[in-house]
Structure formats: structure tokens, C-alpha cells
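Okay, so here's the structure we're looking at.
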Amino acid sequence: MENQVLTPHVYWAQRHRELYLRVELSDVQNPAISITENVLHFKAQGHGAKGDNVYEFHLEFLDLVKPEPVYKLTQRQVNITVQKKVSQWWERLTKQEKRPLFLAPDFDRWLDESDAEMELRAKEEERLNKLRLESQGSPETLISLKKGYLFMYNLVQFLGFSWMFVNMTVRFFILGKESFYDTFHTMADMMYFCEMLSVVETINAAIGVTKSPVMPSLIQLFGRNFILFFIFGTMDEMQNKAVVFFVFYAWSTVEIFRYPFYMLYCLDMDWKVVTWLRYTVWIPLYPLGCLAEAVSVIQSIPVFNETGRFSFTLPYPVKIKVRFSFFLQIYLIVLFLGLYINFRHLYKQRRRRYGQKKKKIN
């Protein structure tokens, strides 16, 4: 005796681009699901409302659909997804106005048109965000690019300051004290380049490319460039003084130990000797460098007074001449205040790195 052909319960829902049908059949075997001439044909052996039997139905859709239905079998049901040819909202599922008795809305997936539009916009936004992220590159790629950029920056600075350090050292051993007096003329171009490039370091800290605090970097940037461009760069009388050698030498010595540490950090490497030098060499060199800068400012005060450069007279009725040396005297105070801020910052860094942990006494 052949199994009786019956119609299963079918539940449906829609989105602008898709139709969802849920066929209430369990233990389905050998399903035959196809779309021909815009009609969905379903036939399968399974357990439904009328027990274990062959269930079959046909649905002619309201509008055109793509003839490739996708279905998924579960233990309790068959889920069918049909793609609409045109993305739009249908007023009903079937071409016939009267709903078939076996067909009902799937309230678990049901959305009205406005909610479906919101869902569609959310999916589209998610898709665009995904494309945007793919175009920008994966997080791993961005991290690699950042490390490569920082490595190259630190390498260029290391090479520049190393060239100056070696050059000044060799010249000192060959010429002795005579090398002090033409340091500016032999080193100025490279020092200009390195100190102008150090603006990048402050920008990196400001925009979050590096984790360094902005203030210590900004203090060093302003202090060095003020000495280099205003005290030495604008006054020919200062360029032949021995203090230029000591300022440049202190700056270069600090940096030839600092930049290799940053380069290794970009490569996720830690050489103990380099790390120790980076966190230790500054202890004598920062105060000595600051002292040399202060001497250069003090020596420049009478020069600025004699030449009157950068001095100005206040407008009527005050008519008081303000000498640039007045600002230099204020700068001397600011110079040592900056030393204190940077010294305190570097001391905290060293303490975090090498500070001894207090042992608990039981």
C-alpha cells in the first residue's frame, strides 16, 4: 500500500531580498525541492502532522524569484531560502490572493516593512564597514606598518647623531681644543636636519602613534631648537664659541644610546646592555647638556645686548625698550624647570624598569 500524499504546515517570512519558508517536517529523507516557472515544488518523506508520510506542496510566487532555492535540514524542520530577483517588499507571498490553508506567517522571523528596512540598512552599513576595514588593512598589517615606520625614523635619527658623535670625537683627538671652535660650521647642517626631524617624535606622541607622554618630548623639542636656531643660528658671534661643541656632543651622546633602544623595541627585541644604557646614560648627560645650554644662553646675553637683535620698543605712551636678553634671563629659569620635569619623567621610567620590589616581611 502506497503512502498517502499530504501537505505539510509551511510558515513564511520575507525581507527585501529574500523569502524564508519553514516546513514543519521532522526526520526528512530525500527532499526534492526546486523552482520552475516561478513555482516552488516541494516533496519529501518525513514525519509531520499526519505521521510518517510523503508530504508535498506547490507555491506560485507573487513576483519573480531566482530559480536556485537553498535549503537546510534540521531534526525538526526544513528551512528554505529563496532569493528575489528584485529587491522589494511583497504584499503577500503567492500570486493567488487567497492564502493556501497550509501556509501561515512565521512570527519568529516576521518583520514589518519599516523594521526590515532598518535591518537592511544595518546589514549594508556592516558590509561597508567591513569593506572599509579590508581596504585599510587588518590590525596586524597596521601594526606592522607602524613598527616599520617607527623603526625607519629611529634608524635615520641614530645614523645622523652617530655621524656627528664620531665626527666630533675624531676631530677632537686629531685637532684637540682647536676642534671646539668650528664645531658649528662642520656639524650645523646635520644637527639642523636631526632636530627638525625630531618634530615627528612629538607628533607621534600627540596623535597616539607612540605611548610616550607629550610634555617631555615637547620640552626637549622646544629647548633644543631654541638653542640651535636662535642662540647659535642667528648669531655669528656664538657660532665660533667652544660651548657649541659641548652642547652638540651632549645631545649626540644621549641619542646614540636612546634610538637603538627604540629600534630594538620595534623589532620586539630587548638587549640588556642597550636597555641599561638607555635608562642610565641620561643621568649624567642630561644635567651636563642643560648646563652647556645655560652657558650658551649666558654667553649670548651680552651679544644680543650689543647688537640689539630681537629687541623692540613698546608703543606710545610707554616707549620702553625691551631687550631680548630679558627673555633669555626668563628662559634660563624655564630651562632648569624643563630639566626638572624631564629628569623626573626619566627617573620614574628607570624606577619602573629597575626598581627593586619591596619584600614582604612575615
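Numbering starts at 1 and runs along the chain as it is shown here.
Even glycines carry a Cβ here, placed using N, Cα and C.
Sequence annotations record features per position, and here TrEMBL assigns domain 'CS' to 5-94. Annotation source TrEMBL lists transmembrane segment at 150-170, 244-267, 279-304, 324-343.
Each residue in the domain 'CS' (5-94) has a pLDDT score, and their mean in this model is 92. Using DSSP to sort the residues of the domain 'CS' (5-94) gives these counts of helix, strand and coil: 0 helix, 58 strand, 32 coil.
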